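Per TrEMBL, the features are:
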DOMAIN    48-146  domain 'G-protein coupled receptors family 1 profile'
TRANSMEM  32-55  transmembrane segment
TRANSMEM  67-93  transmembrane segment
TRANSMEM  99-124  transmembrane segment
Amino acid sequence: VDEASWRLGASNQSVTSDFILVGLFSHTGPHLVLLSLVVTVFATGLLGNTTLLLLIHADSRLHAPMYFLLSQLALLDIGFPLVTVPKMVAGFLQGESSISFAGCAAQMFFLMLMGVSEGVLLALMSYDRYVAVCHPLHYAVLMRRQ
């Protein structure tokens, strides 16, 4: 291979750092209904979980270990859709169908982090119920704040 053809081959490359998203929505009537349904469910989930957090925080009778774990589950249920839905809706409204490599990596990191956190949380919740059912007299000692 001569030097001129090697230079031509090396300079005939394009590099992009974005991923093209194959969209769930397009700008047609049925897709607008689907988008409004997604936004409605998203807002309802945020409102419901936020209400649950406020109620657990406000009532001192709900400061038991199981309600603490439920409040953490509500936080995760707020976080999961907050990672993906706003980008999806913004992309639809702006007509943009790409995401940067860093944005995709951040979404994947936070989704995996929350997925692992939810698995650990569900294991803790099952342990809490196990202790409450199988060792009710030891529950107050085993499941204290420390």
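Using N, Cα and C of the backbone, Cβ positions are placed for all residues, glycine too.
Across the domain 'G-protein coupled receptors family 1 profile' (48-146), DSSP classifies residues as 82 helix, 3 strand, 14 coil. Taken together, the residues of the domain 'G-protein coupled receptors family 1 profile' (48-146) have an average pLDDT of 89.
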